[in-house]
């Protein structure tokens, strides 16, 4: 099995293939938590070893509440991944975050209900810190890239994660707005906190597809896909520039996340 992969990319809604990888091959991994969402594509790009996994499966057959997040993170860890970039589709909770805009979340609010969000089991108790859930080093690299590309990306935003797969009611959407959160989606949690437990750096690049339902126009899956199809090239452009900007050595604290987390 490959053990020297540096960077893992989780494909979100609208991004189902790696596209940019050279010498790509499919890797099938079994984990203690079952199978990942699909086979993992491993290849190289600009001299960096990359693993790509669409979290919904290559044919988008896995709804958000049924994603095997633990298997996905474990599989990346098995390959040697130390950094994860996670594109995703989100709804906007604020008028200034318009469809087509990119968002760099720095905090989350967890409204999921039935997801297994920890590797803490079999007598191992982990109280991981997610005070700052995302790797500052990765976020800095993303900001550097989007600034150089003159792309409109909103920073310091809070992501509301809901269970799905249904969209919110109008009452729920208006409630989430009262929390001060900026965007809403279905996949960030527990993905980011499992990455922290695995001591893997993690950052999300979110694409706004709609105004949820607070704006009185109900969101539809068709609307989400139409917006994503227009913006997928923007996401790929960010990834293309980002991969070579990520430092080879880590200077963040993500690699030491368990040192003060276990009893």
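The backbone N, Cα and C atoms fix where each Cβ goes, and this holds for glycine too.
Here the structure is a predicted model, which means the values were calculated and not measured.
Per Swiss-Prot, phosphate binding site is recorded for 13, 55, 56, 88, 89, 187, and the stated evidence type is sequence analysis. For the recorded site, residue 88 (phosphate binding site), the DSSP three-state label reads strand. The local packing around residue 88 (phosphate binding site), expressed as other Cβ atoms within 10 Å of its Cβ over all shown chains, amounts to 28.
The local packing around residue 211 (substrate binding site), expressed as other Cβ atoms within 10 Å of its Cβ over all shown chains, amounts to 20. Secondary structure from DSSP puts residue 211 (substrate binding site) in coil. Under the heading substrate binding site, Swiss-Prot lists 186, 210, 211, 212.
Look at Swiss-Prot and you will find 168 (among others) tagged as site 'Important for substrate specificity', backed by sequence analysis. Counting only same-chain residues at least 6 apart in sequence, those with a Cβ under 8 Å from the Cβ of residue 168 (site 'Important for substrate specificity') are 162, 176, 184, 212, 213. According to DSSP, residue 168 (site 'Important for substrate specificity') is assigned to coil rather than to any helix or strand.
What Swiss-Prot records for 221 (among others) is site 'Important for substrate specificity', and it gives sequence analysis as the kind of evidence. Within its own chain, residue 221 (site 'Important for substrate specificity') has no residue 6 or more apart in sequence whose C-beta sits under 8 angstroms from its own.
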- Message: Near residue 210 (substrate binding site) in space, meaning Cα within 10 angstroms, which of the binding-site residues do we find among 55, 56, 88, 187?
- Response: none
- Message: Counting other Cβ atoms within 10 Å of each residue's Cβ, which of the binding-site residues 210, 212 comes out lowest?
- Response: 210
- Query: If you measure residue 186 (substrate binding site) to residue 89 (phosphate binding site) at Cα, how many Å is it?
  - Reply: 9
- Note on the structure: Students should find that the Cα atoms of residue 187 (phosphate binding site) and residue 211 (substrate binding site) sit apart, in Å rounded to an integer, by 17
